[in-house]
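Annotated in TrEMBL:
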type	residues	note
DOMAIN	41-290	domain 'G-protein coupled receptors family 1 profile'
TRANSMEM	26-51	transmembrane segment
TRANSMEM	60-81	transmembrane segment
TRANSMEM	101-120	transmembrane segment
TRANSMEM	140-158	transmembrane segment
TRANSMEM	198-226	transmembrane segment
TRANSMEM	238-260	transmembrane segment
TRANSMEM	272-292	transmembrane segment
Amino acid sequence: MAWENKTFNSDFLLLGIFNHSPTHTFFFFLVLAIFSVAFMGNSVMVLLIYLDTQLHNPMYFLLSQLSLMDLMLICTTVPKMAFNYLSGSKSISMAGCATQIFFYVSLLGSECFLLAVMSYDRYIAICHPLRYTNLMRPKICGLMTAFSWILGSMDAIIDAVATFSFSYCGSREIAHFFCDFPSLLILSCNDTSIFEKVLFICCIVMIVFPVAIVIASYARVILAVIHMGSGEGRRKAFTTCSSHLMVVGMYYGAGLFVYIRPTSDRSPMQDKMVSVFYTIFTPMLNPLIYSLRNKEVTRAFRKVLGKGMCGE
């Protein structure tokens, strides 16, 4: 039977991104340093927003969800990569690979929708400030966030189940540092063309649709900012929106590059480089961009730090 030929008990081999040359060793520890900054930065953001009641509003609630997603994303890929590099092992079990795919795809998809929700939040705050408390009340904000998580998880279940419905009867070496399902499809001895078409449609829904919402929201925001009479208000609006657009541009751009292309056009090295960018660098940049350019977050950090020092 075909089901019996899927060899579910066999491990895959992650070829990784670094060898043990001096240059690659340096870059490996650089990635670990970036991971540490991303882990600490996102953890601090989640805790600050939870502890400081003045940050209990829709904008910071959404920001805490973004930090939580980034925190989970880097913990899905980097620890396993680091363990394999330091131990000299390259293996990952079938269950471990499926788990990585589920969490990785789920978090990427959820973040795509969350960034769209955040752009809508900024649109309402700037273009309809008098209606903001009604249109972005906690229940609505919570529902939009929940749908972001749910849609991302649904996409992950579909991708994980479809990926492991194929047989892998040849090489089990994955040319990546984590289980990314496009890299797995290359190893399948089945025809995956139909799934690739379904995957393309999913990418349109998961990436292009949120991008359209972001573009529409910020087009309205830019027009509203241009017509602002107050120079201070214009500066504050541009500061808030530019930080969000910076994150959005990097995140969606990398996602489109990796997942819209057909399998036949893929380069393992390009995929690994771009994956490093949006699974490690972007989670590090998000808290730095938002915290360094936001006085309220800086104030909350000093407040919590001051309480900690007084407690000692």
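Every residue gets a Cβ built from N, Cα and C, even glycine.
Worth saying up front: this structure is predicted, and the values here are computed from it rather than measured.
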Legend entry - Interface check, the transmembrane segment (198-226) with the transmembrane segment (101-120), three or more C-beta pairs under 8 A: yes
Inset, instruction - Tell me, roughly as an integer, the mean pLDDT over the domain 'G-protein coupled receptors family 1 profile' (41-290). - result: 84
